[in-house]
Amino acid sequence: MKQLRLEPVVQVRGEINIPGSKSISNRALLLATLAKGTTTLTNLLDSDDIRHMLASLKQLGVGYRLSQNNTVCELTGLGGAISADTAQTLFLGNAGTAMRPLCAALTLGRGEFTLTGEPRMEERPIGDLVDALKQLGANIMYLKNEGFPPLTINATGLNGGDVEIAGDLSSQFLTALLMVAPLAKGSVNIHVKGELVSKPYIDITLALMAQFGVQVINHDYARFEILAGQQYVSPGKVLVEGDASSASYFLAAGAIKGGEVKVTGVGRLSIQGDVKFADVLEKMGADIEWGDDYIIARGAPLTAVDLDMNHIPDAAMTIATAALFAKGTTTIRNIYNWRIKETDRLAAMATELRKVGALVEEGHDYIQITPPAVLNTAEIDTYNDHRMAMCFSMMAFADCGITINDPDCTSKTFPDYFAQFASLKA
């Protein structure tokens, strides 16, 4: 197994241009596919999740051209649903942002489609989405365990009508349903059951749908109306914002050991909720400066916070490791959906934080972290989870440094993360 040793860093300073957002990249690729016209996507993320989506689209007959560095994609839309004359099997790795939307999109046309992935994907639930699609007439069959991939879709199109979908596990289910609803045979009325988690991710979806010419009537996130007869039309160009979750590590670095760190590609005008991570750092005592398309974090003594972070679940992980450098006990609440991500992130985070000496209380949907007087070095297991590897890079700011096991798992969203991180040393 590959290991990466991070030696202690005294101070950080610098500027990082954040690679494209995973959430926006895969949503935009799918909408461009369903749209009429050719779309040029710039600052597309070049990572495993996006490669799985692109490979699947190519297999389904979608035409596109990629630039040499894979960050510009010119894609010719189908002007409607995806159909196939022969049965197709698509391998989607551990890419939830490809599995969920494609599962929904492939019900719209005609054909037989089987969706598979890595072993971890077979543990990531999809039942809430499938149940909703079945209410609109979809024919979907599980191949192993009820409620989980792999699955086979026999597509004949989606009916309109009323549909209920659970909102309390993952916003990706609602996102997938919203994106396909305009191409159903009639108007669709979506009722959200339970508390909707990660609302800002729904805002990303609605903003992109509007960019492609489709309007959704949002009744305070409890009900969504999508009128029949709408069509996605390419806006011509789509600029993919920098990934706000990826920005969180560099902003935390600036807060803990700045100096001053500036991230570009996200800012005040961002459509991603995870930029609110900077507000949490500010509450902890960091000096934060906002621009339209940049955020600057400067170092200051940090103090613990006790916050509901349901709205920023991915970036909240960075707070868990930043808490090691804050005075007092930090509590991160309402984050049950950490448990159904690339790994059970609540259990994984608690285990690894204890290795470096933290006192940790792990609850059903919260984590409480009290830093030790002196942090210990350790070998951090990353659970094939890109965010675990990036979060624990913060331990480079302890006097003992840290060893990261399987550092290349960052390829899911940020292949050159550790090279960029190293560039910040003052």
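Cβ coordinates come from backbone N, Cα and C, glycine included.
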Out of LYS193, LYS199, LYS412, which one does Swiss-Prot list together with LYS22, GLY96, ARG124, GLN172, ARG345, ARG387 for phosphoenolpyruvate?
LYS412
Give the sequence-ordered list of residues that share a chain with SER198 (3-phosphoshikimate binding site), lie 6 or more positions from it, and have CB atoms under 8 Å from its CB.
SER170, SER171, GLY273, ASN310, HIS311, PRO313, ASN337
Would you measure the largest Cα separation among LYS22, SER23, ARG27, SER170, SER171, GLN172, SER198, ASP314, ASN337, LYS341 for the 3-phosphoshikimate site and round it to whole Å?
20
Using Cα coordinates, what distance in whole Å links LYS22 (phosphoenolpyruvate binding site) and ASP314 (active site, proton acceptor)?
12
Using DSSP and three states only, what is ASN337 (3-phosphoshikimate binding site)?
helix
